[in-house]
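Peer 1: One structure coming up, written as structure tokens, with questions to follow.
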Amino acid sequence: MANADERPPLLVLVGPTAVGKTALSLQLAQQFNAEIISADSMQVYRRMDIGTAKLLPEQQHGVPHHLIDICEPEHPFSVSEFQSRCTSAIVDIHGRRRLPFIVGGTGLYVESVCYGFQFQDVGSDETFRMEMRSVAEQQGAEALHARLAIVDPISAAKLHPNDLGRVIRALEIQHISGQPMSELQTQARGDQKASPYRLCIIGLTMDRDRLYERIDQRIDEMLEQGLVSEVEGLLKEGVPRDAISMRGLGYKEVAAYLAGEINELEMVHMLKRDTRHFAKRQLSWFRHMQGLEWVDVEAASKNNGLFQATCDIIAGKFSYQIEY
């Protein structure tokens, strides 16, 4: 492998939803002549704007953004596809003498690029998937989750029984490959000590109660902006409720409300609860990422400021060797 100093630089900013990544990323991108690559598994979908907190083009302050609005909501976008597209974007950005800057909250997406995970193309078996859906309809989602717990207890422990799509996918992977999904993921990670990039990974965090307040505020704002109408429009155009995109945070809860399965108060409660749980899982994931430097948003703001704190980390990591 090339000497560490010869590897191309890659800036990364991660953190839980609503912590403030977007605003900071725009400042840093302008400061370091960077282009942003979104590492958000939902922002890849077109016409899914409010629920994914996408920036409008006029809000991007002239900073180029990549991997946003690149596929239709029906498309089953995967981590391997993200890895391929992101790697191509990095090469393109470096080729123009600019700094690639990954920003997002999907931990697996980020790590897959930073450490070059090797994914196997397991494929799919629609007949098997239909059989599993039939079992769920007849015996309930718990029955499928129980099956997964037998063949892949590690994956079962990470998936909620009601996350039917991912439970079925985990069963499908084991059915096709003969190996548990968790084992394949471990194999894909390989040697995480090696990276093709000179990395600077910054993680934003804050007091949990304050973060939850921000999450609640964001949900209220999304509803005011028309989240329900956005989901209704997607369903009317034929996007199925079991599409990966429609099982995303914010969309599945609103879809349940529109189907009459829950009332409006229950929908709002579920949106806020599920988003808090999601943020907790994000933080747990990022705590296990190697090489990540945490910055407490509120503590930094009280000192020299969040922007200055992160600039200092970047300058130190790259030793002022970026000459863009």
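Glycine is no exception: its Cβ is also placed from the backbone N, Cα and C atoms.
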Peer 1: Can you check which of 20-23, 40-43, 192-195 TrEMBL lists as region 'Interaction with substrate tRNA'?
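Peer 2: Going through 20-23, 40-43, 192-195 one by one, TrEMBL flags 40-43 as region 'Interaction with substrate tRNA'.
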Peer 1: What is the three-state DSSP composition of the region 'Interaction with substrate tRNA' (40-43), stated as helix, strand and coil residue counts?
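Peer 2: When I sort the residues of the region 'Interaction with substrate tRNA' (40-43) into the three classes, I find 0 helix, 0 strand, 4 coil.
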Peer 1: Centre the Cβ atoms of Thr17, Ala18, Val19, Gly20, Lys21, Thr22, go out 8 Å, and tell me which other residues of that chain have a Cβ in range of the substrate site.
Peer 2: Gly15, Pro16, Ala23, Gly105, Leu204, Arg214
Peer 1: Starting from the Cβ centroid of Gly15, Pro16, Thr17, Ala18, Val19, Gly20, Lys21, Thr22, the recorded ATP site, name every other residue in that chain with its Cβ within 8 Å, sequence order please.
Peer 2: Gly105, Leu204
Peer 1: Measure the Cβ-based neighbour count of Thr22 (ATP binding site), defined as the other Cβ atoms within 10 Å of its Cβ.
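Peer 2: The answer is 18.
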